[in-house]
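J.: Right, I'll just put the structure down here and ask away after.
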Amino acid sequence: MPFSVNGILCTLALLLLWRAEELAEACSCAPVHPQQAFCNADVVIRAKVVGEREVDSGNDIYGNPIKRIQYDVKQIKMFKGPNEDIEAVFTAPVSAVCGVTLDANGKKEYLISGKAEAGGRMHVTLCDYIMLWDSLSNTQKKGLSQRYQMGCECKIVRCPSLPCEISAPEECLWTDLMIEKQVHGRQANHYACIKRADNSCSWYRGVASPKKEFLDGEEP
């Protein structure tokens, strides 16, 4: 009996270690402002997902097949990317390795950002900015067309604790997580970090294009 108990304990210990390793490998992403996600991405599109299937994408170093999910998409508009329509979006098969789940019935429109691949394809992860189009604010939609690109030389800095402040003039302080306790707060939904004539950066709110007075240095 002692041998059996020891065997069970060893098995449980191995299972716990395996589970701990599995959790350690789970997907983890730092929150980013939508503008930062736009600037970091190779491709940003508005699209409908019209198909889904699992495909092979070569083999790993041990010879095991690498599986990915391929979403066939109908591109509505490209905000950033190559000079060809995106026809397929690839992602990992499970969320534990940052795979993204999209509705493939063709009824929902998404904003999809990610990394470019050859031949009208892109790859996305849970760390990329992917949202239902109808959930975006008017300011965010306007930002995708021009505003965010104007601020890609700026740096959006997340406030880790209060008090916090910028350390350089080209920075904008993002406080949504600290003040509102959420990623999709006031600054994420309604503000863009815009570069001014003096190369400093500042938050700008509004759907209309920034006026010359703002770009020249007047506070919003």
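The backbone N, Cα and C atoms fix where each Cβ goes, glycine too.
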J.: Would you mind checking which of Cys39, Cys98, Cys127, Cys193 shares a disulfide with Cys172 in TrEMBL?
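T.: In TrEMBL, Cys172 forms its disulfide bond with Cys193.
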J.: Going by TrEMBL, which one of Cys152, Cys154, Cys159, Cys164 is joined to Cys39 by a disulfide bond?
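T.: As annotated by TrEMBL, the paired cysteine is Cys152.
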J.: What does the structure give for the C-alpha distance between Cys172 (disulfide bond) and Cys164 (disulfide bond)? Integer Å is fine.
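T.: Cys164 (disulfide bond) has its Cα 11 Å from the Cα of Cys172 (disulfide bond).
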J.: Taking only the Cα atoms, work out how far Cys39 (disulfide bond) lies from Cys201 (disulfide bond), in Å, as a whole number.
T.: 15
J.: Quick one: which of these disulfide-bonded residues, Cys98, Cys127, Cys154, Cys201, have their CA within 10 A of Cys27 (Zn(2+) binding site)?
T.: Cys98, Cys127
J.: Note down the number of other Cβ atoms within 10 Å of the Cβ of Cys39 (disulfide bond), including every protein chain shown.
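T.: So the number of other Cβ atoms within 10 Å of Cys39 (disulfide bond) is 21.
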